[in-house]
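> Let me begin by handing over the structure; questions about it come next.
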Amino acid sequence: MNDLNRLGRVGRWIAGAACLFLASAAHAEPGENLKPVDAMQCFDCHTQIEDMHTVGKHATVNCVHCHDATEHVETASSRRMGERPVTRMDLEACATCHTAQFNSFVEVRHESHPRLEKATPTSRSPMFDKLIAGHGFAFEHAEPRSHAFMLVDHFVVDRAYGGRFQFKNWQKVTDGMGAVRGAWTVLTDADPESSDQRRFLSQTATAANPVCLNCKTQDHILDWAYMGDEHEAAKWSRTSEVVEFARDLNHPLNCFMCHDPHSAGPRVVRDGLINAVVDRGLGTYPHDPVKSEQQGMTKVTFQRGREDFRAIGLLDTADSNVMCAQCHVEYNCNPGYQLSDGSRVGMDDRRANHFFWANVFDYKEAAQEIDFFDFRHATTGAALPKLQHPEAETFWGSVHERNGVACADCHMPKVQLENGKVYTSHSQRTPRDMMGQACLNCHAEWTEDQALYAIDYIKNYTHGKIVKSEYWLAKMIDLFPVAKRAGVSEDVLNQARELHYDAHLYWEWWTAENSVGFHNPDQARESLMTSISKSKEAVSLLNDAIDAQVASR
């Protein structure tokens, strides 16, 4: 630390006391005051934090605002951590100063369709259950709703915990503030005395695992080693009992997932993303080396017991395309199988926490590189991928992305308060709710009705292609039992299964991706037409083989 920073320490401490006064008023118990600590004492050990804190916008915020280190200071030494400080993970730690952002985050968008299945006749993917047969998502796959509910909705979804966790009552399903302040203020556990994964309700599954939860929360950030590897200092890992892990988690989408709490600078914390961008050298924009070079990510590794333990990724500049990609991305969050021999890939394998960081047309090769597939279809036996919300990769190369548009421009616009202050909305909602700040901000020649019309044009067209893809996939699936009964050879069936993989991939990407093609309409059209072609090819192959078998009798 240079002398200039040391001389500025008193000024930073005094300014930080102002925030501390506000913090004590908002969060302390009656009669309790937050007593600032000497940050220089903390920096004696936490040298990496010093580098970030002293030069960032949070330089005036004292350590005690987020940490209770009373016992830690008394028991720590240069060789031993001592009693670990208590670190605040709740979003209200930031709300003291960033009130407007917090209030917008907890605001529920009541215009959305809560818990609407994607697999209903009028929804996005009417034949989803048939096409995904054999996978846990067939038990429930709903449209997304407000981010405030992202953790609690994971706990209650029918495919995850067998119905163990439920809302305390139906009124709680609207309680965005409660869901943000603590999941267990709105949820109940059917059997708090047990931790085994089992079915409490019929027509449910127990498919959850610890990696799933890394998108929903980072409450466990200090207890999780890099990539979820087992480590003697880690309380949780990829192989932990997921029910016990779930009970230890409370808050959705912690502020520090995107904002470094010490510097206030932009960052990411999802280890799978850091691994893809930095460790594997794919960069922030794999299809645009120039942009990837401009938007760099620096991996910062923290040690525990003098061993590398966890890591964060500091961004050169704020880029919501990268920050949102911590969750809005296709990645492995489950066990699976090897393409080469069908052997099981367990949660102890790093492939169970893997970001492919590839678009729909590069995914197959990326999966082959790590020798992985997710599940076998219950009817055809084909080895298939199971795709998760690949918004980031879909956006790459689109007209909007090439013109410098980022996620926040459309989903988190700048909003002016009554006092004239401008802040970034953290409501993360559809541009339909704020066309003036989103679409019309660039398309000034349009009216709001024209912009909505263009959106509907793209999404309606894409949805039509999704439905056609499903029709031909279903037709192909229905032919497999017929072909088997007719005595069609395994060689022909395997050829059809390979076509099934392609048809499934190029279809399901667009049921998992949440824009119904709007993020990249040209890519959606090409992909879905490819799916239809592959299904038709398989249908023709199977029909010809069936006819040949019948004729030979």
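Cβ atoms here come from the backbone N, Cα and C positions, even for glycine.
Checked Swiss-Prot, it gives:
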- CYS42, CYS45, HIS46, HIS72: heme 1 binding site (BINDING)
- HIS58, CYS94, CYS97, HIS98: heme 3 binding site (BINDING)
- CYS63, CYS66, HIS67, HIS262: heme 2 binding site (BINDING)
- HIS147, CYS324, CYS327, HIS328: heme 5 binding site (BINDING)
- CYS212, CYS215, LYS216: heme 6 binding site (BINDING)
- CYS255, CYS258, HIS259, HIS426: heme 4 binding site (BINDING)
- GLU330, TYR331, LYS386, GLN388: Ca(2+) binding site (BINDING)
- HIS400, CYS439, CYS442, HIS443: heme 7 binding site (BINDING)
- CYS407, CYS410, HIS411, HIS519: heme 8 binding site (BINDING)
- 1-28: signal peptide (SIGNAL)
> What span in Å does the heme 5 site cover, taken as the longest CA to CA distance among HIS147, CYS324, CYS327, HIS328?
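That value is 12 Å for the farthest Cα pair.
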> Taking each of CYS255, CYS258, HIS262, LYS386, CYS407, HIS443 in turn, which of these binding-site residues have a Cα lying within 10 angstroms of the Cα of CYS324 (heme 5 binding site)?
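Near CYS324 (heme 5 binding site) by Cα: CYS258, CYS407.
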> Check the Cα-Cα distances from HIS147 (heme 5 binding site) to the binding-site residues CYS407, HIS443, HIS519 and tell me which is shortest.
CYS407
> Go through the binding-site residues CYS94, CYS255, HIS411, HIS443 and tell me which ones have a CA within 10 A of the CA of GLN388 (Ca(2+) binding site).
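Hits: none.
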> DSSP on HIS67 (heme 2 binding site), three-state: which is it?
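Assignment for HIS67 (heme 2 binding site) reads strand.
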> Would you mind reading off the Cα separation of HIS72 (heme 1 binding site) from LYS216 (heme 6 binding site), to the nearest angstrom?
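Distance (Cα to Cα, whole Å): 29 Å.
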> Considering each pair of residues in CYS407, CYS410, HIS411, HIS519, all listed as binding heme 8, report the largest CA to CA distance in Å, no decimals.
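Those residues reach a largest Cα separation of 12 Å.
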> Which whole-number value in Å describes the distance between the Cα atoms of HIS426 (heme 4 binding site) and CYS45 (heme 1 binding site)?
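Between the alpha carbons of HIS426 (heme 4 binding site) and CYS45 (heme 1 binding site) there are 34 Å.
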> Compile a sequence-ordered list of residues in the same chain as HIS443 (heme 7 binding site), six or more apart from it, whose Cβ lies below 8 A from its Cβ; state 'none' when nothing qualifies.
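Long-range Cβ contacts: ALA451.
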